[in-house]
Amino acid sequence: MDSWFILILFGSGLIHISANNTTTVSPSLGTTRLIKTSTTESAKEENKTSNSTSSVISLSVTPTFSPNLTLEPTYVTTVNSSHSDNGTKRAASTESGGTTISPNGTYGTWLTDNQFTDARTEPWEGNSSSAATTPETFPPADETPIIAVMVALSSLLVILFIIIVLYMLRFKKYKQAGSHSNSFRLSNGRTEDVEPQSVPLLARSPSTNRKYPPLPVDKLEEEINRRMADDNKLFREEFNALPACPIQATCEAASKEENKEKNRYVNLLPYDHSRVHLTPVEGVPDSDYINASFINGYQEKNKFIAAQGPKEETVNDFWRMIWEQNTATIVMVTNLKERKECKCAQYWPDQGCWPYGNVRVSVEDVTVLVDYTVRKFCIQQVGDVTNRKPQRLITQFHFTSWPDFGVPFTPIGMLKFLKKVKACNPQYAGAIVVHCSAGVGRTGTFVVIDAMLDMMHSERKVDVYGFVSRIRAQRCQMVQTDMQYVFIYQALLEHYLYGDTELEVTSLDTHLQKIYNKIPGTSNNGLEEEFKKLTSIKIQNDKMRTGYLPANMKKNRVLQIIPYEFNRVIIPVKRGEENTDYVNASFIDPYRQKDSYIASQGPLLHTTEDFWRMIWEWKSCSIVMLTELEERGQEKCAQYWPSDGLVSYGDITVELKKEEECESYTVRDLLVTNTRENKSRQIRQFHFHGWPEVGIPSDGKGMINIIAAVQKQQQQSGNHPITVHCSAGAGRTGTFCALSTVLECVKAEGILDVFQTVKTLRLQRPHMVQILEQYEFCYKVVQEYIDAFSDYANFK
């Protein structure tokens, strides 16, 4: 029921009660009460002896006011009866009865049972042979004091009612401001919607007491494991204990009618005390408003501006804010569209220059990487023909790996992304603008990770609960889900356990000298300790369901190497045949583009058709083979191509068109035809012969050459997945994928991170880079590449 309807009913009730209180007795009439009397048969004569009972009772009610009580009268009831032995009057004072509210609504003192018995329930004591009911009229009394008291009481009730109404008005305004509404309506991406959308908010925490103190970093892993038990039960409790928002905060500016269309979600609004104020535009009412809030960093006030993703109608305001706040860095943690819904308007041109209100934006450079894209913009105020006003360089870091649902699979990409943002933002610049769609969930997650990493370095402890509580006082619902909350802890643990392992190419020599030294107190050197950390990563066998199905077990060459569900390569099901969508292969994300590699086992004789169906379905034009068909007398891979002529594998026919021997590998050009579709494609196979049956290659030259040849082929054939296989699809396959990724990063940015590259691969497929020698080989090849960089300048 509507709260206003309830208030009206409540008010009506108060008025009704007040009316009853002030009209209980007419001032001009006495009070009449029916008293039942009884006499003996001989009592007709009034002057008989005391054996006759004359029960004429005189009962008067007179209000008596105590000087100490201003509002409540004390009633003294006097009962006159000739039945008394001495004929005197008996007075019933307040001491013999309890002060209550009488049935007619007036205050009074009720007599006890031995003082007064209602004639409606029991007759008077005595002979009941002749009972009569006689009306008795009390004399009129002056009721003016009663009326005055009741008027005063009514006034107090009315004042109380007004106070409640005013409180409810304030509560409703606060609720409209988005403090703790639980309703939601997801964005549908239509810019013409009349009403802004809303998103789900969490209920207010019933308690703000501090149950979650800061954690020392050496207790971090233990605590995270404890809280993640029982499906993150303790983490959910901690998250639900967070305060939603400060009760005193208001959102008056955001709630104005003129500003409603500027909000993407109706219940995610900036507080008045922390919102970003734009310079008002002359003649445009409320032009100082934008849905953005200042947010503190770890020890830096207003380090960030948390903003909603711009709408089409607020793009100009967004760039006005960037200019006025002297922002140099924009962090975008959403894609323009997710689940076919518009999450953010594209507020930059794809190329060239475009004016947005009074700010002109031109694109200077774009770098696309696997987890994020970096765009550099040059901005200048419009109308500056003389170029007197300086141009400014703005860098946008667009994190593209956040999934539509949940959080990233691993925090590694986010940590690398955050490091880039920290390194790029200049000292002189204003606040870093961070936005997702609503500007609270992913935005809050980014801000908290940044602050807690700073706290970790400064104090050797983290205070996630406390920091989230504080920034929620600046913008509601920062860190919006328990999954985001857990992801923050995972990112902090990742950084604590493994640190920053990224290197500048110029420091590789120093690093290699360091990792070959023995670690004091152990028999291992640094390299062995690094690899030991990699092998300690748990293999998640419970996430390999399809590969372990009985129908698919025989399709696996090595039972310890099964693809994970989340990234396994799926092929079309054969008509009328179940479990024919499985092949032992995994999509792998390298440096620049998602799913750039397919890491596959070497086909078995009975899975060769599935292998070619995979090649056709995913349009792979490059195959890298890192094993011989047979090694040490054991079959390592079925021959899946013809030595000459053509061979059919189901609907796929393969014809050898050309074979060329290079220094350490063979190139075969194959014409692959799908007879069902009547289409053909050219596919090139690179068969590497430089890997010995035991150990690793003696040098990295052959591997560098084949990687360069494959990259060149990719440029010509298009960016479709490169299929890489050895025998089991893990050891040599992982080494090739790791080296391709690291060398590409070296060439593009002059940095490398062998440890995290291999760690990421192992999270995508078990046992990638399988042995210590293969891990060491990665470092050696990178070192060779850097030493002879000029010789491989054409590596693209």
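A Cβ is built for glycine as well, from the same backbone N, Cα and C atoms used for every other residue.
For the residues N51, N291, Swiss-Prot attaches the annotation N-linked glycosylation site to N51, which does not rule out the feature elsewhere. Cross-referencing N127, N678 with Swiss-Prot, the residue annotated as N-linked glycosylation site turns out to be N127.
If you compare Y271, Y347, Y775, Y792 in Swiss-Prot, the phosphotyrosine annotation sits on Y792.
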